[in-house]
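Here's the structure, in structure tokens; my notes come after.
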Amino acid sequence: MKMPAKTGKEYMERLKQAKSSVYIHGEKVEDVTVHPAFRNVVRSMAALYDRQYEKPEKMLYRSPTTGQPVGMTFIQPTTIDELIARREATQEWARMSAGMMGRSPDYLNAEVMAMGIANDLFAEDDPMFAENAKNYYEYAREHDISLTHTLIHPQMNRAKALHEQNDADVPLHLVERRKDGIIVSGIRLLATQGGITDEILVFPSTVKKATSGEDPYALAFAIPNNTPGVKFICREAFDYGRSAWDHPLASRFEEGDAIVSFENVFVPWERVFVCGNSSICNRTFRETNAVVHMSHQVVAKNIVKTEFLLGVTLCLIEAIGIGEFQHVKDKGAEIMLVLETMKSHLYRAEHNAKRDRWGTMTPDFAALDAARNWYPRIYPRLAEIIRILGASGLMAIPTEADFQHEEIGDIVRRAMQGATVDGYERVQLFRLAWDLTMSAFGARQTHYEYYFFGDPVRMGMAYFDGYEKEPYKQFVREFLRGAKSVFIPADNKH
């Protein structure tokens, strides 16, 4: 009997059969599972789904509706133990990519769960929309749907609202309401893994708030990637077809990012969650607690990523014998401090978790919000530390082919030897550090983490505005009043 949780083979077969409209390097892709730009990351994604059956006790749970095994990352946690179990499944997947896959399936699985359970916000417009969110969660869970999403509009004139643009039809907008659904047209950014998933979620920004004048652009829906009129226009691939030795990360985990074009796309009503209501869009992520559960996944993933960065740093230090230098230890300590701080945020978030009014065990958002605001600001420094410590060794890095060449192989092996490793091992390590921080893939990782939840400055403003400030101001006022009451004036005679 077929199980709802899919295998890697089933994931790839779905992509083959879907034949979504995917474009890259000026050509239309016939089959993403074999195209050089996608085939390796598709196999990395397939490995994630295979892991569900390799470790079913960690990666699967019984569906509350069918009793069959479904993905643990879809679970609605109702206890702290279940919350931790979901996080452990997230980190199991994260370790398979060293945290490099920012849009592994668990990220959007958490969003779909939260909005499907806390669906009454969508009913403010029409009870149908709440029912749609609930049904979509069950559908995604029971069919193990892989998802990409798009939250932002094209960068046109950021000084103007969407409806004030010179070409106001470029951003994705509502064209027509029909008895059976809606017609939408326009462009959205930035669909990571666009074209290599089953479906796409179109949702409002998590940070930028819309005005009532932007109601035609206020949409939330989910449709298959192969819906007529949908095109994924992918950026240049950073997987250049090189070996996993030369490009150990890019050759396996290059997710890709895409512009998504909607050309008079029909969306049936049962797939619509918000239609022309900027007020609901502005409140969607916070009032459903979706941002809390998504942040829980992100912090868990970033802990794994930081563990990997620390491991690379320590191996690099050991390889070239720089471990006794004062500044080297200090830089290593910086990464250790980031790791332990992130772990502390996660522990507090999980152990202070409380059930929300829908019965979902919800992590302490104060801890997660601090972590998700801080990590984008500190990640560039972590990458910088590796670059500083690697120094010229990250520039003079031969390829594996150089070691195999009969004339120069021995020269390279001798020239590249380290304190504790031979030349071959040292270059392999340094190529990893380079791909992590300096290659096109590595530079994209730094940029991606910096803007993960949106503009860090805009996020910081929102964090400041939402922070409970009064207790701290009152603390100071009471201190000053107390100081005044016990103050004894100096005796002028002395």
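Glycine too: its Cβ is placed from the backbone N, Cα and C atoms.
Per Swiss-Prot, the feature substrate binding site maps to Arg103, Ser104, Pro105, Asp106, Tyr107, His149, Ser205, Thr206. Taking a C-beta cut-off of under 8 angstroms and a sequence separation of 6 or more, Pro105 (substrate binding site) has the following same-chain neighbours: Met45, Leu48, Tyr49, Gly71, Thr73, Trp93, Ser146, Leu147. According to DSSP, Pro105 (substrate binding site) sits in a coil region rather than a helix or strand.
Counting only residues at least six positions away in the same chain, the Cβ atoms of Leu108, Glu111, Ala191, Ile200, Leu201, Val202, Phe203 sit under 8 Å from the Cβ of His149 (substrate binding site). Under the DSSP three-state reduction, His149 (substrate binding site) is assigned to strand. Taken from Swiss-Prot, the feature FAD binding site applies to His149, Thr150, Leu151, Gln155, Met156, Asn157, Arg158, Thr192, Asp455, Pro456, Val457, Arg458.
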Residue among the binding-site residues Leu151, Met156, Val457 whose Cβ has the most other Cβ atoms within 10 Å: Leu151
Candidates Arg103, Asp106, Tyr107, Ser205, Thr206, namely the binding-site residues, that fall within 10 Å of Leu151 (FAD binding site) by Cα distance: Ser205, Thr206
Integer Cα-Cα distance in angstrom, Val457 (FAD binding site) to Thr206 (substrate binding site): 14
Sparsest Cβ surroundings (other CB atoms within 10 Å) among the binding-site residues Asp106, Asp455: Asp455
Candidate binding-site residues Met156, Arg158, Asp455, pick with smallest Cα gap to Ser205 (substrate binding site): Asp455
Cβ packing number for Arg158 (FAD binding site), 10 Å threshold: 8
Largest CA-to-CA spread of FAD binders His149, Thr150, Leu151, Gln155, Met156, Asn157, Arg158, Thr192, Asp455, Pro456, Val457, Arg458, angstrom: 23
Cα separation, Asp455 (FAD binding site) to Thr206 (substrate binding site) (Å, whole number): 10
